[in-house]
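One structure is given here, and the rest of the page talks about it.
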Amino acid sequence: MPFLCVNVDHVATIRQARLGIEPDPVTAAAMCELAGAVGIIMHLREDRRHVQDRDIELISKTIQTEFHFEMAATEEMQQIALRIDPATVCLVPEKREELTTEGGLNCIGQEKRLTEYLAPLHEKGIGSSLFIDADADQIKAAKAIGAEYVEIHTGHFADAPTRSEQKAELTRIIDGIKMSQDLGLKVNLGHGLNYVNILDFADVPGICEYSIGHSIMSRAIYVGIDRAVRDMVEIIRNFAD
């Protein structure tokens, strides 16, 4: 059975709108755990636009499930990851002008650099994931780099303007999942997934985790974090193993 990991970055976004102390993403993370999430995700961006260093320090010390740390492949983030010792790091691309991550990491041509970058993290027992598009060459590069997981970017699927385009993206993602699995990579999915479009993956076997943040926190405004997380956990619980 696949599992749910909740991204609490959007709680930090609301807090930073007033540069205050609430809502606290650390408190939100604990509530997500109590509601059934098996992992908490935070992305510490280089510009610190939402999550702050204080947040990841506290999360790493307080959560009872797994902490998945999203980060750019910079020296600063590598040192932070080595210090806080998350369950996994997920390398993602960053552009300062983007509102949110717009696409997958380009691994092609970076195999040597990223292999060397991840080496000290692997030596410490930290798992690794690469956030990539469902592209055959990217998947092959991820395998060459030695990542344990790939998180396949589902944003183009989620944002497709028509059902036919969405189906085409779905096919591309499913092909990417199968190829990743054939190469021995574990597969997570994330970006833009919500309570409706996630149903398209109900019969797709072998997905380890779904990484979901925005849609859960959006629903939480109306029904609360506990109910919003439990609703998503219940949907995923019925998916293929």
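One-based numbering along the chain as shown.
Glycine residues also receive a Cβ, built from the backbone N, Cα and C atoms like all the rest.
Because the structure is a prediction, the values reported are computed rather than measured.
Around H214 (3-amino-2-oxopropyl phosphate binding site), the C-beta neighbours below 8 angstroms that are at least 6 residues distant in the chain are N7, H10, G192, N194. Feature annotation from Swiss-Prot assigns 3-amino-2-oxopropyl phosphate binding site to N7, R18, G192, G213, H214.
According to Swiss-Prot, the 1-deoxy-D-xylulose 5-phosphate binding site annotation covers D9, H10, R45, H50, T100.
Annotation note: H43 (active site, proton acceptor) sits in a strand segment as assigned by DSSP. Note on H43 (active site, proton acceptor): other Cβ atoms within 10 Å of its Cβ, all shown chains, come to 24. Annotation comment: Swiss-Prot describes H43 (among others) as active site, proton acceptor.
Positions annotated as active site, proton acceptor by Swiss-Prot, on the basis of sequence analysis: E70 (among others). Counting only same-chain residues at least 6 apart in sequence, those with a Cβ under 8 Å from the Cβ of E70 (active site, proton acceptor) are N7, I41, M42, H43, L44, V89, C90, V92, F131.
Sequence annotations record features per position, and here Swiss-Prot assigns site 'Transition state stabilizer' to E151 based on sequence analysis. In this structure, E151 (site 'Transition state stabilizer') is part of a beta strand by DSSP.
The active site, proton donor annotation in Swiss-Prot covers H191.
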Looking at the recorded positions listed here (R18, E151, H191, G213), whose Cα lies nearest to that of D9 (1-deoxy-D-xylulose 5-phosphate binding site)? G213
Just give me the nearest neighbour of H50 (1-deoxy-D-xylulose 5-phosphate binding site) among the recorded positions R18, E151, H191, G213, Cα to Cα. R18
Give me the CA-CA distance between G213 (3-amino-2-oxopropyl phosphate binding site) and E151 (site 'Transition state stabilizer'), in Å, as a whole number. 14
Taking only the recorded positions R18, R45, E151, which one has a CA atom nearest to the CA atom of H191 (active site, proton donor)? E151
So for D9 (1-deoxy-D-xylulose 5-phosphate binding site), how many other CB atoms are inside 10 Å of its CB? 21
Near R18 (3-amino-2-oxopropyl phosphate binding site), how many other Cβ atoms are within 10 Å of its Cβ? 8
